[in-house]
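S.K.: Have a look at the structure that comes next, please.
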Amino acid sequence: MADEELVKKMVRAVLQSSKSGVSLSHLQVEYKDLTGELIPYKQLGYATLDALLHSMPSVVKLDKGQSGEVVCHATTGNEMTHITKLAARQRTAKRTGRPQVVNCQMRVKPAAPLALNARPRTSLRQPDHRGRLGRGGGRGGGYGDPLPRTGTFMLLIFLAPSILNENTTPSKPRLPHSAPYSPKLVQSRLKEVLNKHSNGLWVSKLPQLYRDLYKQDLPSEALKDLEHWTHICTVSLKMPDYHSATRWQPEVEKPCSTKPQELLLYPAKETSQITPHSAATPPTHDKSPFHHKKPQTQRSSATSKSSTPASPRDLPPEVKQKLGELLLKYSSGLWAHALPKLYQDTYKCKLPEFVLDHLNLLSDICTIDYPMPDNPKRAILYAKVLEDENRNQSGLAGSETKEAVERSLSSQTVPPLLIPREEYPSVLVVEAGDTNSVILRYIGDGYSKAQEKLEDEMREFYGQDSNKVALTSPLTGQLTAVCAEEEEEILRAQVCEVMADKVKVHYVDHGFSEVISKSKLFELHEKFYRLPFQATKCKLAGLESFSQEQAVLKRFESMATGKILLAEILVRQEVPLVVLYDTSQDDDININAACMKALHDKSLESPLKVNSAYMNVNVTSVCSDGTIYCQVPSRGLTKLNEILEKTENYLHSQVTSELLVSRPFCGKICLAQYKGKWSRVEITNLHGSRVVDIMFVDVGVQASVEVTELREIPPPTLRDLISTPAQALKCCLADLPVSVGSWTPDAVQWLRDTALHCSDCSLKIAKVDEPKRLAHVYLFTSKNFHDKSCSLNQQLADSNLWSHQKDVFLSSRGPSKSLNSAPPGSPPEQLIGQNLDVFVSVACHPGHFVLQPWHDMYKLVDLMGEMILHYNKMEEKPLKVEKSQVCAAKLENNWYRVLVKGVLTNGLVSVFQLDYGKHELVSCTQLRPLTQEFCQLPFQAITAQLAGLKPRQWSEEASIVFRNHVEKKPLVGQLESVQEASQPWDRKVVIYLVDTSQEERDIWLHDIMAEFTDEMSNAA
């Protein structure tokens, strides 16, 4: 007999994973994917599945979809109740005091794999050590004895003399404590910080300062390594003498083993007292080829050849200044190999050839990273940002509006609203009179939920007459409690204008203003000052130049106002720069891009009239699914060519870095070169921060390029280009035996050879799909468009190009000979017992999950970016596929390193992602040989099982608990053992997992799973 409670839990898990609901016909499929079996409604005593679901009102709610099909939704739990209450409480200036229904059926926008696996923010906090005996959950002692807490200790860092040799051999090398980071990069940046803060700073401020300057978190291991970096600084502990006028000296040097946030950090004011013999090179934590010898060889050779013209001392200052400008445009880093072309295009002169061979020439303006150990020229350069410490504060003070100044009169104790840490926080859009200052509210813990709690407390507090102290003489800028019109709610507000018997107030948590009677005002109790004002502002990316256009604001009003959306935060500043997405439908809607299209001049659109014929048609693109893009003669195309010619002349005449695209985002319209000329493109996808997918909107060609190849549209032609609709007409051939998406490679190639090389095509429109802007056409290579028998449609229909390729059968041969050596993919046995920072990419159950090294993720991002650029430019030549072959495969928009597990007779191939640990099915046409260049980085997927537990058959419920705790999360692993195998992808590790995301608590996953199985056993 099936367990009904377990079935309920599994059904709830299925429904909660889909915010938009699951159709009744598809529910069984989703359930089986999760549990491996169908919903056993007959075993539970129900004649139909529908009857079972109706008996579970606490689990499932059945509704009718738009097509009339029954759709299953998870019964509203705490989270959905919260959103519903939020909708009911929201007020706007247009509907004062009235509840407003908002869109709350929202699904989470998944982050792109490459964006997710970017350079890690920091080293993870390491767990406290504990014995292996028992499963105790308490925190044990640290790795070392703490220093005695007998007084207020101060940690001093003395800047080392600049004359010290950076390559001095360390006297006492240490073993790594956790996953490696790049000490050389951190050391260089630490020098800048110490040079800037000559008067010292609190050590607790160092991570934040580092984050502000370099947009990355300071690795926690770096704090532990400070004592060894004597060529950078000297670390010492001493009781300070606050009454002494002279700089005091360190007395006892000790390891930095106490909690650094409890100490103080002081750089030396005098570096001459530090003797050179104390210098030492920092310990090397990364034994991988990442710290290779080639850059060191180059540095020494460059120094030894100081007398040659290519000497480091001969780099002209103006060249270095221009390179600094370029690097500042790309805060996420710039590939060194892209410098020559970028320099040439921007400044119309050549970069000295010796620069790439002597990157150390640029050490004073950038830091250098080498993610590809065998190719030092594939370095990444990061600009050094030396800002004035008070610059941001003075800039903010100067930009304060009158309203903000008035608000400060009564809000000095109200803390500022912090931007959520999530990549895609949920927001409720209130209103926008300007796209540069859209009013919104963040949703979630600490934001809307905290506001609900505050308003509940205020309603209870002011419900007692003794607490109602009327505000008889309100002042402009004063905070007050307001009894909302026609409501029982008490809201926080600020006085904007005082009249005779009325007052205009601004609701600081709801973002709108209204005029009310003075009798509605009460003094705001001090305990209601603690929560930040919840109404805040943001700026919509890409719309800065059109922020007050009525067409844009009207489109935004209809698509976004009053709705719950997702916000992609591009720049975290006082008014963050964002891209908004509506994810309530099957396809994500980019609100910014949709508002930009509101500026289109519809009279310039490509004509779409049924039975219309057009001559002199230019077929610009034939996609692999059979879709074609054409340009037809029109007024819009003529105007576009004129504007692009003006743009081309402008770009050739300008010598500036202002037009470089430094902040790409999906939906952005900019320029890229197509056949030697600048053309309009839309960014369709981002791969990390340096590679993007683009669509040439006027020819329908897709491509992958580096960000350095993009340019902003010049101001003189910006409005004209934005208002001109895309001139590529999207078409498909009518009356063919197969639909779009089912074309064979032979049919696609025939159409490309026939149509793309024809200079005088013509077409006739048979049907128009308006929602998709797709025209069904007859295509001709002559002007005889009256005779359909002469069309390419008919020629394709009569051909034998529609038969699929022959079946490919399984082979028992080994790996392809094109892969000379497979890089190892598992940790060596020397790391047993060590802590490793890991990311769990796949989690089936505690007996099988897949890890990735957390600190090597940015290397994988760089590698995949290079693969995208390489393979997207290759000619489409399908690979002869064999079992156990290692190759490259295109899945969605990315290229992955994969192992072929089997070849099916329908042309599909079963592959295993060697860097992510997932099994996928892909068409054999999407496979390419894996070149040796992409085999240098070890395969990142590490198969693992959880240590500390006895092997068992894990239930589906236990598997779900495990997945919820670990999948897609960075954790700390403690390696127990390694099970070796002949191939790296067959190796397996046994490892403890610890969640250290909470400051004062370590969560050991084997404890969680052991307790869960004990509870399940006791319940049975």
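Every residue gets a Cβ built from N, Cα and C, even glycine.
Note: TrEMBL annotation is automatic and uncurated.
Per TrEMBL, domain 'HTH OST-type' is recorded for 3-76, 182-251, 315-385. Marked as region 'Disordered' by TrEMBL: 120-144, 272-317. Sequence annotations record features per position, and here TrEMBL assigns compositional bias 'Gly residues' to 134-144. Under the heading compositional bias 'Low complexity', TrEMBL lists 299-313. TrEMBL lists 473-531, 663-720, 880-937 with the feature domain 'Tudor'.
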S.K.: Rank 3-76, 315-385, 880-937 by Cβ pairs under 8 Å to the domain 'Tudor' (663-720) and hand me the top one.
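M.R.: When the Cβ pairs under 8 Å are tallied, 315-385 comes out ahead.
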S.K.: Count the residues of the domain 'Tudor' (473-531) that DSSP assigns to helix (H, G, I), to strand (E, B) and to coil, and report the three numbers in that order.
M.R.: 7 helix, 29 strand, 23 coil
S.K.: Average the per-residue pLDDT over the domain 'HTH OST-type' (3-76) and send me the rounded value.
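M.R.: Taking every residue in the domain 'HTH OST-type' (3-76) and averaging pLDDT yields 80.
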S.K.: DSSP-wise, what's the residue breakdown of the domain 'Tudor' (663-720) into helix, strand and coil?
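M.R.: Helix, strand, coil within the domain 'Tudor' (663-720): 9 helix, 30 strand, 19 coil.
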